[in-house]
Amino acid sequence: MTPWLGLVVLLSCWSLGHWGAEACTCSPSHPQDAFCNSDIVIRAKVVGKKLVKEGPFGTLVYTIKQMKMYRGFSKMPHVQYIHTEASESLCGLKLEVNKYQYLLTGRVYEGKMYTGLCNFVERWDHLTLSQRKGLNYRYHLGCNCKIKSCYYLPCFVTSKNECLWTDMLSNFGYPGYQSKHYACIRQKGGYCSWYRGWAPPDKSISNATDP
């Protein structure tokens, strides 16, 4: 079993079954939570890949060209390789080589960066302007706040450091408007609330503030 399998639990990613009956299941995560809970957050382009171990628990190693680091300077100032399970049923991540720039998040284990399907990984050109601004500084400002998931009504915040995340209630599903356009940031008086960046006003989201 590779070191990544031990990290799967920490990343809220479960492997169900065994061999032929495996599945990867991930809990929804707001990009800000993904940012704050990751050891490493970078923008990079994949320039190569190699399978370093054969068999059902093979490991894919991607060679990357790091464009920018948003989080993790003290743990790993420069990332050249990222590791993931070879099988998608074990939460392994499939990335295109020499095609796109990606936003990559992950954990550091024994000096190596590991990532997978349960991490926040997205093509850079698919990120909204608000998400890009969040990566630069807004998400970091909100790491002391707590984003509380709401899967069904009624649901409420229970402390002043919480923002209620209601994307899962939307007919459009996840990722929704709050994921794409909002950060949960501590405001005056010590209360955390949703902060809207580049997106137009949305009256359906309560306790949101303009920049």
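Each Cβ is built from the backbone N, Cα and C atoms, and glycine gets one as well.
Summarising the annotation, Swiss-Prot assigns signal peptide to 1-23 and lists sequence analysis as the type of evidence.
According to Swiss-Prot, the feature region 'Involved in metalloproteinase-binding' maps to 24-27, an assignment based on similarity to another entry.
Under the three-state DSSP scheme, Cys91 (disulfide bond) falls in the coil class. According to Swiss-Prot, the feature disulfide bond maps to Cys24-Cys91 (among others), an assignment based on sequence analysis.
Taken from Swiss-Prot, the feature domain 'NTR' covers 24-143, and the record attributes it to sequence analysis. In this model, the domain 'NTR' (24-143) carries an average pLDDT of 94.
Taken from Swiss-Prot, the feature Zn(2+) binding site applies to Cys24. DSSP gives Cys24 (disulfide bond) a strand state.
Among the features that Swiss-Prot reports, disulfide bond is placed at Cys26-Cys118 (among others), with the record citing sequence analysis.
The annotation disulfide bond is assigned in Swiss-Prot to Cys36-Cys143 (among others) on the grounds of sequence analysis. Contacts of Cys143 (disulfide bond) defined by a Cβ separation under 8 A and a same-chain sequence distance of 6+ are given as Gln32, Phe35, Cys36, in order along the sequence. In the three-state DSSP reading, Cys143 (disulfide bond) counts as coil.
For Asn37 (site 'Involved in metalloproteinase-binding'), the same-chain residues 6+ apart in sequence whose C-beta sits under 8 angstroms from its C-beta are Ser29. Taken from Swiss-Prot, the feature site 'Involved in metalloproteinase-binding' applies to Asn37.
The region 'Mediates interaction with EFEMP1' annotation in Swiss-Prot covers 105-188.
DSSP assigns Cys192 (disulfide bond) to a strand. Residue density at Cys192 (disulfide bond): 22 other Cβ atoms are found within 10 A of its Cβ, drawing on all protein chains shown. Sequence annotations record features per position, and here Swiss-Prot assigns disulfide bond to Cys145-Cys192 (among others).
Look at Swiss-Prot and you will find Cys150-Cys155 (among others) tagged as disulfide bond. Cβ-based neighbour count (10 Å, all protein chains) for Cys155 (disulfide bond) stands at 14.
Annotation comment: Swiss-Prot describes Cys163-Cys184 (among others) as disulfide bond, evidence class sequence analysis. Close to Cys184 (disulfide bond) in the fold, though at least 6 residues off in sequence, lie His30, Gln32, Gly142, Cys145, Lys146, Ile147, Cys163, Cys192, Ser193, Trp194, Tyr195, each with a CB less than 8 Å from its CB.
Taking all protein chains in view, 19 other C-beta atoms sit within 10 angstroms of the C-beta of Cys36 (disulfide bond).
Figure note: comparing Cβ neighbours within 10 Å for the disulfide-bonded residues Cys24, Cys26, Cys145, Cys150, Cys163, the maximum is reached by Cys163. The Cα of Cys150 (disulfide bond) lies closest to that of Cys26, out of the disulfide-bonded residues Cys24, Cys26, Cys91, Cys118. Listed disulfide-bonded residues: Cys91, Cys118; maximum Cβ neighbour count within 10 Å falls on Cys91.
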